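Q: Pulled from TrEMBL, these are the listed features:
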type     : residues                         : note
ACT_SITE : A:161                            : active site, proton acceptor
BINDING  : A:36, A:111, A:143, A:144, A:170 : S-methyl-5'-thioadenosine binding site
BINDING  : A:67, A:91                       : spermidine binding site
DOMAIN   : A:7-242                          : domain 'PABS'
């Protein structure tokens with residue numbers, strides 16, 4: 001090499017004309033499961049990261065932003081979460097955050113890919129903090145829908161931490177109205193459902209349709225947003241409930257509730273971050289206003305859209 | 001070519017190990033001025049864009065987010081801006097936004113690069129909307145500091161829309177304490193200064209030092225943030241005044257003030273966007289807390305840092 | 001930009017998993033004709049270059065290697081070329097080389113794209129050396145096949161300097177047996193046909209099929225190769241005749257013949273380069289041996305293959 | 001990912017403005033030794049490959065072209081090689097080719113990097129074909145110069161299969177006149193020295209200086225060239241001797257000699273490939289003619305140059 005430029009790169013394509021390049025410092029492990037190709041790398045800019053099918057899942061740089069954003073609003077809006085269901089969540093960090101809530105008695109994590117779960121156990125201790133081994137946690141290797149169809153359990157909080165609905169991937173049907181209708185039936189009274197919902201700027205249509213679909217199923221639903229540098233943009237979440245009004249919660253006293261309900265300290269989610277997350281930039285509100293479609297099994301939304 | 005992948009790209013390097021790739025659909029114009037290399041392209045993802053020395057200045061996709069973020073908070077916090085000074089701002093969109101305020105009588109725009117200004121006049125009408133030709137506007141081709149040193153004018157609002165402080169670029173001294181001290185002297189009573197201040201996530205040190213430097217000069221100063229996809233991240237702004245308390249303005253009634261003070265409708269900046277911008281994610285607050293340096297002529301901050 | 005890495009690139013994709021990146025120093029001109037998207041750039045590594053639809057056509061770095069390889073063997077094997085037909089050849093360098101042969105009385109150049117021809121006239125004087133304005137040269141803007149179908153002229157040498165047979169491009173039918181049969185009828189006694197034939201290493205199937213197709217039409221045909229750095233590999237040419245045995249010419253005394261027949265000095269093609277070109281590396285011979293297909297209108301070959 | 005473009009890439013930078021991108025299908029192993037960072041990958045275009053410090057060492061696609069080019073001319077020009085010394089050659093394929101010669105009694109391979117040797121043993125059986133375990137082969141982990149300084153052995157053929165002389169790398173002094181003078185003393189009567197000598201097109205200065213340096217030490221020396229797609233260009237070799245005239249061997253009857261001297265069949269090197277290799281394109285001859293420098297310890301040549 002005639003330069004000292006980095007030579008090992010992962011190029012994450014956001015659109016056919018947009019990509020983000022990250023230089024790889026080191027490879028921890030690499031493999032191909034039944035479902036997906038995964039690699040755990042050390043990025044020059046983001047540190048250790050899990051990449052599945054060319055898409056970063058999270059990095060040490062800001063996994064806490066993603067996982068606190070995903071877990072905490074649902075938990076405090078529920079107020080007293082005892083049983084938590086996590087769909088996906090292979091890194092174990094979603095379970096880690098759920099376990100911080102003192103009321104939690106049981107966390108069930110359903111992930112389709114046992115190879116990825118094993119790899120996360122081994123290589124991502126900074127993420128899971130041994131939550132896999134916590135006696136309150138049960139890991140089930142199963143398709144999320146198959147699990148939902150066959151369980152008798154109900155939950156206070158259901159967290160969907162699934163991969164994006166890629167056309168060729170396994171998750172498209174897990175973002176449809178039919179699936180969300182099944183979710184409703186697995187929620188306890190005052191139950192909350194929350195899901196990551198792709199980026200409102202990089203994949204605005206998919207994001208808006210996920211929001212619409214959930215909104216068409218639940219009585220209350222709202223979206224909120226965190227900037228996650230690892231994902232190269234603002235990331236969307238949709239939170240919903242049939243009993244708790246999750247809308248118009250911009251001024252929630254998060255600090256107080258986290259302080260009462262959870263152990264340890266938050267690294268991201270607090271009053272001011274909450275206000276940032278739930279006050280939505282106008283360009284995102286515009287996207288939501290324009291898109292009317294919902295995703296159904298017969299007419300699903302998926303990436304690229 | 002054996003594929004239909006795009007082949008014409010601009011690769012914007014954020015760090016030696018991070019880059020953003022944008023496919024170019026079309027080149028409008030390309031040149032090299034005394035100060036910088038510029039190109040006006042049509043990006044596949046962002047539409048028409050001005051790129052200077054490899055760094056996107058703004059694109060049609062969201063230049064309004066940037067320019068409303070830069071101009072409007074300062075104008076409404078001043079309350080009655082008559083004379084506005086713009087440092088840089090070659091695209092003419094900063095002037096365009098300033099002119100929307102009914103109280104404005106004079107806009108002076110000082111840009112060092114006459115070639116870039118001419119090119120923007122010719123190729124970026126969507127940006128400037130003919131503000132260059134408005135009788136209230138005066139364009140002066142000069143170094144910003146040289147202008148400041150030699151003018152007798154004072155201003156209600158001074159807006160710094162300069163290129164980043166690149167080590168090899170012309171703007172490093174325009175981000176130092178010495179320069180900001182000169183700015184103070186050119187502000188009218190209740191005058192407001194605002195500047196773009198790089199990205200708190202991509203170049204956190206530079207951002208924090210700019211904030212500290214301004215904070216060390218003005219009685220009141222605060223930073224705020226908008227996500228700008230063209231810039232691949234959250235972008236920072238610092239606003240300051242010796243007379244107006246620009247801090248703790250999270251709950252400003254922006255809608256009402258814009259409605260009274262400005263003509264036309266905002267595309268981005270409104271009450272909810274304002275709350276998003278001024279409620280700062282904790283990871284950014286942490287950056288500001290940790291960095292103590294200020295930038296001075298003898299010890300300036302610049303990129304890469 | 002936080003680095004001084006080049007930021008303006010053309011990425012030439014050879015296969016879906018292979019690409020060559022060239023940094024652009026300067027853009028001379030850029031446009032879109034009825035047929036193709038073209039750009040004339042100054043590459044950091046190769047100097048001035050013409051790129052059409054993402055594929056470099058030639059660069060100042062080694063256009064002489066390509067154009068001498070394409071023109072000279074055919075001219076000296078004919079021995080006394082008076083009338084030369086060039087299909088394509090927009091840069092004007094193929095005509096330039098043909099005109100160096102003293103016996104030449106007429107050069108007809110048929111190119112489909114008048115915009116590209118005009119652009120080459122204006123921006124590529126180093127290539128054409130004003131051959132466009134030589135009284136022996138006639139430029140006809142036409143589809144090559146349409147011209148062939150309608151002319152009564154016959155030629156001593158026909159040179160096909162067309163773009164590659166891209167699936168979506170205009171040249172696929174100009175590499176079929178049906179077209180080559182038309183070529184045969186336009187050759188004078190002792191006439192020679194030569195064509196560029198893509199790279200035997202980057203697109204081996206297409207190269208081999210072009211060779212087979214020509215071989216199926218002409219009594220004598222052989223392929224030869226030059227390394228052209230601008231094309232990132234060995235490049236193939238096929239030469240054929242019904243009267244002159246163009247095979248087994250490895251030991252031709254090129255120096256003597258060029259000296260007698262042409263004006264000026266060759267920069268590449270001489271005895272030793274000729275031996276290099278006509279002695280074929282075994283891995284290329286293997287490719288030719290394995291491929292049996294020919295390209296026909298009903299079953300044409302094209303890129304990607 | 002919103003496209004199906006490959007996402008895992010190695011970008012090999014040839015110059016600050018030129019790079020070659022290869023998509024990675026699979027990672028076999030990855031590590032960092034005391035001397036270098038290495039990765040064994042499966043490339044989409046080239047298959048399995050060893051990459052050291054961002055530079056491909058060889059791939060299954062055409063390692064045979066490289067290794068036959070490096071080993072066979074020296075062996076047949078010697079005529080009766082019994083003792084062979086390989087400097088570098090970690091993949092084991094240079095030893096594999098040397099062992100094919102029936103006269104060979106001993107092959108000593110000196111490589112500085114035991115980790116890379118172990119990795120090649122384990123992951124590159126297609127290369128070494130178990131040559132590491134052949135009783136005629138002795139692998140010594142040592143610096144090449146230290147070994148040369150301390151051995152009493154002399155050799156019929158010495159093959160330098162070292163990494164390029166990178167400025168920061170360990171091999172710069174192994175391309176100097178002082179080192180080549182030591183090599184001379186380790187050659188038997190009729191001994192031959194051969195070395196890879198970088199690319200005459202990508203790094204012409206370094207190549208020419210290596211040639212000049214060897215030419216200044218040996219009575220007879222010549223360079224020859226093979227196109228190696230894995231290396232993205234023509235690759236140079238320099239062969240030298242004080243007893244055997246290795247120059248002017250263009251018409252050697254390689255087929256006959258290989259047939260008599262070696263077991264098995266060559267995949268690349270035969271009469272016609274030999275003629276291709278030893279007939280040098282004029283643009284390379286020009287490079288050699290213009291460069292006059294030699295590399296010495298006090299004024300060494302290295303990459304980038």
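Backbone N, Cα and C atoms are what each Cβ position is placed from, and that goes for glycine too.
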Q: Expressed to the nearest Å, what is the distance separating residue A:36 (S-methyl-5'-thioadenosine binding site) and the residue listed as 'active site, proton acceptor' at their Cα atoms?
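A: Distance (Cα to Cα, whole Å): 16 Å.
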Q: In whole Å, how far does the CA atom of residue A:143 (S-methyl-5'-thioadenosine binding site) lie from that of residue A:91 (spermidine binding site)?
A: 17
Q: Cα within 10 Å of residue A:67 (spermidine binding site) is the criterion; apply it to the recorded positions A:111, A:144, A:161 and give the hits in sequence order.
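A: Cα filter at 10 Å returns A:161.
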Q: Which of the listed binding-site residues (A:91, A:111, A:170) has the least company, meaning the fewest other Cβ atoms within 10 Å of its Cβ?
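A: Comparing Cβ neighbour counts within 10 Å for the binding-site residues A:91, A:111, A:170 gives A:170.
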Q: Taking the Cα atoms as reference points, how far is residue A:144 (S-methyl-5'-thioadenosine binding site) from the residue listed as 'active site, proton acceptor' in Å?
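A: With the alpha carbons as reference points, the distance is 11 Å.
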Q: Among the recorded positions A:143, A:161, which residue has the largest number of other Cβ atoms within 10 Å of its own Cβ?
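A: Counting every other Cβ within 10 Å of each candidate, the maximum falls on A:161.
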Q: Looking only at C-alpha atoms, tell me how far residue A:170 (S-methyl-5'-thioadenosine binding site) is from residue A:91 (spermidine binding site), rounded to the nearest Å.
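A: For residue A:170 (S-methyl-5'-thioadenosine binding site) versus residue A:91 (spermidine binding site), the Cα atoms are 18 Å apart.
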Q: Among the binding-site residues listed here, A:36, A:67, A:144, whose Cβ has the fewest other Cβ atoms inside 10 Å?
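A: Across A:36, A:67, A:144, these binding-site residues, the one with fewest Cβ atoms within 10 Å is A:36.
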Q: Tell me the Cα distance separating residue A:111 (S-methyl-5'-thioadenosine binding site) from residue A:91 (spermidine binding site), rounded to the nearest angstrom.
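A: Residue A:91 (spermidine binding site) and residue A:111 (S-methyl-5'-thioadenosine binding site) have their Cα atoms 10 Å apart.
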Q: Compute the average pLDDT of the predicted model within the domain 'PABS' (A:7-242).
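A: PLDDT averaged over the stretch: 96.
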Q: Suppose the S-methyl-5'-thioadenosine site is A:36, A:111, A:143, A:144, A:170. Which further residues of the same chain have a Cβ inside 8 angstroms of that site's Cβ centroid?
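A: Along the chain, the qualifying residues are A:35, A:88, A:112, A:113, A:162, A:163, A:171.
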Q: Looking only at C-alpha atoms, tell me how far residue A:111 (S-methyl-5'-thioadenosine binding site) is from residue A:161 (active site, proton acceptor), rounded to the nearest Å.
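A: Spelling it out, the Cα of residue A:111 (S-methyl-5'-thioadenosine binding site) and the Cα of residue A:161 (active site, proton acceptor) are 10 Å apart.
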Q: Where the record says A:36, A:111, A:143, A:144, A:170 bind S-methyl-5'-thioadenosine, what is the longest distance in Å from one Cα to another among those residues?
A: 16
